[in-house]
Amino acid sequence: LWRETPWGRRSRERQRQVMLFLVCVCVCLSGAEPLRYSLAEEMERDSFVANIAEDLGLSPSQLAARKARVVCEGNEQLFHLNRNTGVLTAKESLDREEMCPHSDTCTLFFKIVFENPLQLIRGQVEVLDVNDNSPVFPEKEMVLEIMETASPGSRFPLQSARDKDVGSNGLQNYTLASNSHFSLALGTRRGGVKYAELVLERQLDREERPQLNLLLTATDGGSPPRSGTAQIRIVVRDANDNTPVFGREVYEVRLAENSPPGQLVVRVAAADPDDGSNGKVRYSFSQISERSRQLFQLNPDTGEIQVAGNVDFEEADHHEMVVRATDGGGLYAHCKVQVEVLDVNDNAPEIAVTSLSASIPEDAPPRTVVALLSVRDRDSGDNGRTECSIDGDVPFSLTPTVDQYYEVRTTAALDRERTAEYNISVTAVDWGRRRLSSRESLSVQVSDVNDNAPEFTQKIYTVSVSENSSPMVRIGSVSAADADAGMNGRVRYALVRREGAEEPAVSVNAESGAVFLLRPLDYEEVRALEVAVRAADGGSPPLSAQAVLRVVVRDENDNAPVVLHPAAESSGAAGELVPRWAQADYLVAKVVAVDADAGQNAWLSYELQKATEPGLFRVGLHSGEVRTARAVAERDAARHRLVVLVRDRGQPPRSATATLGIALVSGFSDAHLRGSEEAPGAEPEGPLTLYLTVCLACVSALFVLTAGAAVAAKWRRARRSAAESLPAFPRSAPPSSAGSLPRSSAYDVCLAAGGGNSDFRFLGPLLPFFPAGLPSGPAEQRSSLCSQAATTLGDDGD
């Protein structure tokens with residue numbers, strides 16, 4: 001096994017310190033001076049600009065890990081950052097004159113954006129001018145009409161050449177070809193623009209030379225220098241002794257940008273005291289840039305300068321032009337017109353999305369960065385100042401960083417189940433008098449996290465099933481819902497197994513929650529069962545909930561009635577004795593039966609199915625009591641056999657039969673004597689019979705006393721706790737249908753075996769009947785004594 005050595009731990013600590021130092025350096029650089037680079041214009045595509053990784057002290061792998069990218073101002077991406085090498089290159093060949101036509105310096109701004117964590121590093125690239133443009137005159141030939149009376153020293157402005165290059169590569173000098181009448185004077189206007197004026201050195205003489213041709217050359221300071229030429233044709237005019245005179249040499253005007261075409265800018269005026277055509281003045285532009293010529297127009301008769309195009313402060317904040325006033329004699333004068341353009345809040349803020357997280361987990365902590373925005377307003381002053389806000393009640397806020405960049409951060413915990421997607425509307429407003437605004441919408445999806453446990457629709461599900469139903473029968477279903485999405489919201493069901501418990505009789509489908517029966521259920525064994533059902537989602541870790549499934553077993557008529565009295569083995573004997581003097585409705589016996597089913601399936605009815613003499617006896621429909629239907633007559637047979645049918649009310653009904661043997665007697669002794677007389681050849685056994693009779697009488701007397709005491713004790717105990725002494729029949733069966741005989745009408749009959757030879761009978765109240773067998777006590781003693789007496793007397797009844 002590898003074990004880290006102390007040297008290894010120190011090495012790792014040094015690496016962490018170095019990384020921390022680099023991160024600190026990067027953070028410092030992000031808020032310190034921007035990275036400055038330069039690149040000559042007209043360089044080839046993919047030209048090297050800088051090695052960002054070396055300048056920031058980062059490795060290329062760190063650039064790739066933090067997803068470094070370059071973002072340029074404006075919509076056009078001029079540079080490309082290679083994450084693998086850290087080299088910043090130009091995507092296209094750059095033309096300084098096209099990119100910065102109105103600026104001496106051309107600086108392109110960009111930002112290096114890092115993620116994980118978010119960081120901005122500003123940078124700028126200055127596009128260096130290359131002497132790729134020659135000076136150009138507006139016209140290849142300039143015509144000057146000069147009066148021959150012009151005095152030496154008079155100056156005549158010339159049209160200036162224009163060089164698109166700047167600095168030392170721009171226009172630096174004018175030269176005039178050698179001549180005898182004129183020299184060249186150079187000057188510099190505001191803004192550093194050089195101009196040339198023609199100076200008359202010697203008096204002109206039209207008669208001597210009516211026209212002169214001069215060559216004017218404009219040269220820049222490049223290496224090698226470039227130049228442009230123009231021809232100057234001087235026409236010598238005849239004398240006109242008064243020249244036009246302007247009221248002011250310089251007209252300074254302020255004009256708001258976006259002024260409508262036709263709006264008056266200024267009116268210049270020049271006076272000429274001459275008469276006739278020599279005193280009529282016409283106006284024209286003498287020196288004006290091409291852009292200014294497109295924006296302004298001059299009325300040649302009135303001297304009014306009007307707006308002709310769209311004046312935009314953002315393109316040029318001032319314009320300068322020279323107006324010439326010429327009279328009919330050819331004399332002219334010049335004045336300067338300087339137009340200062342006033343900024344108007346005509347540009348709405350521009351919002352650019354630099355970085356946007358398409359989705360964010362719902363458990364993201366507050367202050368999590370969602371997006372990075374930049375806001376720019378091309379106006380100046382308060383018109384260019386902006387403020388940003390988020391519309392609506394959403395859990396997001398804007399945090400300003402540097403250079404008009406804003407971070408969109410969360411302000412509270414998110415809940416996908418309440419809102420799965422947010423449309424964040426960011427509004428930027430400037431500070432102008434007429435405030436302009438723009439809006440940008442960001443769509444952020446909230447990704448799901450397993451933060452919701454399944455919820456059952458019910459806490460307790462109750463389903464019913466008929467007993468003895470076939471296995472794999474669907475008996476119901478459970479249902480749980482999970483507010484999460486995807487696997488986090490997929491619910492699976494299972495039964496909760498208790499340790500040591502038997503296999504449940506039902507199962508739950510893991511996908512649908514359907515409940516199936518695994519094995520038949522017996523209502524008589526189990527009336528209902530409860531199991532716990534768990535619903536778990538597919539999250540990691542999974543969340544779960546539990547509900548109770550209660551299965552209620554419906555009773556089916558699957559048990560036939562069971563006859564408890566009379567017992568099946570005594571059906572052939574004369575078990576009941578009826579006196580000959582019995583009247584109608586005399587209680588002979590009671591058939592006692594029970595049904596293990598419940599409800600209607602356990603409601604029993606009794607009917608006499610078969611009888612020796614049908615009209616003598618009847619059976620109670622619900623009580624099972626066998627009574628005489630009429631008074632017993634002498635002609636009735638001594639022995640009767642009754643078959644009682646016991647039927648329940650199930651569908652289909654089930655039944656059982658009970659057989660009763662009944663003997664009609666005049667009395668206890670008569671019954672015994674009649675049996676003796678009917679047995680011929682039976683002789684008395686002398687004193688033995690007397691002894692047995694006396695012993696039996698003593699035993700019977702003792703038994704009566706014992707039974708009376710036991711019955712009295714049982715009666716007191718039964719009154720204290722009636723529930724303990726009630727018959728143990730099924731609870732769902734009513735007393736009338738259970739076939740139980742009330743204690744006040746129950747009898748116990750003891751007869752010796754042999755039927756007609758028995759002459760001993762005992763009648764007395766019975767204790768409560770127990771289906772499982774008679775309880776121990778006086779009743780058992782009574783049965784034992786009866787059996788002993790029957791054995792002693794023998795079959796002949798002696």
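Placement of Cβ uses the backbone N, Cα and C atoms for every residue, glycine included.
For 35-137, 138-246, 247-351, 352-456, 457-563, 588-682, the entry in TrEMBL reads domain 'Cadherin'. According to TrEMBL, the feature transmembrane segment maps to 690-713. Per TrEMBL, region 'Disordered' is recorded for 777-798. Residues annotated as compositional bias 'Polar residues' in TrEMBL: 781-791.
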Notebook entry, point to check: According to DSSP, how is the domain 'Cadherin' (138-246) divided among helix, strand and coil residues?
Noted result: 3 helix, 54 strand, 52 coil
Next item on the list: Please work out which recorded stretch in 247-351, 352-456, 457-563 has the most C-beta pairs separated by under 8 angstroms from the domain 'Cadherin' (35-137)?
Entry: 352-456
Check: What does DSSP give as the helix, strand and coil breakdown of the domain 'Cadherin' (35-137)?
Finding: 15 helix, 40 strand, 48 coil
